[in-house]
């Protein structure tokens, strides 16, 4: 099976089944791309039985290839990545995105979630 982000964003429905499925976003960061903001990628995932097996993200502008495989770790241009050991959320950096949905109820939920996160406090 195949799920494309651009077709889903255009309103086409999609259902994730147990079948092996490719999930592809050929222009991940469309708004960034339109505004010439240099964070754009091609994102590809492969799912079996509704579980991610591996993913690939190619950051076009940076020429960086991120790969990850279930049980095998994550890499950037072949170099192993590792999460930080930071356990104190007040010393973490918060990055968020509003998304493209401007439905008033959705915006209300997103802003409410952001308010709760920013009251922790975190860096952002």
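Even glycines carry a Cβ here, placed using N, Cα and C.
In TrEMBL this protein carries:
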type    : residues  : note
BINDING : 5, 25, 28 : Mg(2+) binding site
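On the structure: features taken from TrEMBL.
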| residue | record | Cβ within 10 Å |
| --- | --- | --- |
| 5 | Mg(2+) binding site | 16 |
| 25 | Mg(2+) binding site | 19 |
| 28 | Mg(2+) binding site | 20 |
